[in-house]
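Peer 1: Mind looking over this structure? Questions follow.
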């Protein structure tokens, strides 16, 4: 049996709107998601055992069944028990380059890579939609991470509508190491403060999805107008996260003042990103930001936008 190493890219939210409450307790969302070429490396090796083992050098990444990548492997074993019995377990090694607990879907993209890798090792021949359906059972971002690119994501985030790929741009990612934001807290706080603005009917949800799909940001992406893209990025969760996390608010303000195309918090944070027209512009902004924000645990990453999801190396 073959071993495989896969690249699992991070994601940013170019658009995140909370539309209303769903019967299942989740929020109805309309998002535009984008993969970024800052990637973890996931290696899967058959181990000849009847178990999955997970290894990672990062101290904040659990190496047990609480890890979403391990849960992805367990899901595959439950879905395909005969193949699991025949092929046996797999050792999963995660080389972590995406910041942890950062709003960049690091856990989700690792899980997506495990699904793709086990499909290859067990020679299942699953289609991309079949992999996305399995991924949706693991988390709201995981389906998107399988395919990547530039995608309108609705429902909990698992309903995917790919659009014209956004290419040629670079992104700065910035995060304080000591900061983390609880995603459940962010959404619950938004509900408490803004529930009176929620839409309630499926018809209203559909209408709002259509409005965003034909709206200014999606048009700017289709027309490849970088300045307009930066102007129309949006994240509802900033309304609750930024007031409670002044360092994130300050980071957003500083980066936004330094001349990129657009700056915003990704997902529930605390990572802030800036879209840039080139690597050189991104490097200049990071240099200037470091001079303004002198903090030993403030980390920056620069990477191009990518139109791919999980890739085999």
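Quick reminder: no glycine exception, Cβ is built from N, Cα and C everywhere.
The active site annotation in Swiss-Prot covers 11, 141 and is backed by sequence analysis. Positions annotated as ATP binding site by Swiss-Prot: 99, 100, 101, 102, 103, 104, 105, 106, 107, 108, 109.
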Peer 1: Using C-alpha atoms only, work out the spacing between residue 103 (ATP binding site) and residue 11 (active site) and round it to an integer in Å.
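Peer 2: Residue 103 (ATP binding site) to residue 11 (active site), Cα-Cα distance: 8 Å.
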Peer 1: Taking only C-alpha atoms and a 10 A limit, tell me which of 99, 101, 105 are near residue 141 (active site). These are the binding-site residues.
Peer 2: 105
Peer 1: Roughly how many Å separate the Cα of residue 107 (ATP binding site) from that of residue 11 (active site), to the nearest whole number?
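Peer 2: Cα of residue 107 (ATP binding site) to Cα of residue 11 (active site) measures 11 Å after rounding.
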Peer 1: Taking the centroid of the Cβ atoms of 99, 100, 101, 102, 103, 104, 105, 106, 107, 108, 109 (ATP site), which other same-chain residues have Cβ within 8 Å of it?
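Peer 2: Here the non-site neighbours turn out to be 10, 98.
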Peer 1: So among the binding-site residues 101, 105, who's got the most Cβ atoms within 10 Å?
Peer 2: 105
Peer 1: What three-state class does DSSP give residue 11 (active site)?
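Peer 2: Once the DSSP labels are grouped into three classes, residue 11 (active site) ends up as strand.
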Peer 1: How big is the gap, in Å, between the Cα of residue 109 (ATP binding site) and that of residue 11 (active site), rounded to a whole number?
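Peer 2: Per the Cα atoms, residue 109 (ATP binding site) and residue 11 (active site) stand 8 Å apart.
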Peer 1: Tell me which of the binding-site residues 99, 101, 105 ends up closest to residue 11 (active site) in space, Cα to Cα.
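Peer 2: Closest recorded candidate to residue 11 (active site) by Cα: 105.
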Peer 1: Out of these recorded positions, 107, 109, 141, which one has the fewest other C-beta atoms within 10 Å of its own C-beta?
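Peer 2: Ranked by other Cβ atoms within 10 Å, the recorded positions 107, 109, 141 bottom out at 107.
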Peer 1: Determine, from DSSP, whether residue 107 (ATP binding site) sits in helix, strand or coil.
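Peer 2: In three-state terms, residue 107 (ATP binding site) counts as helix.
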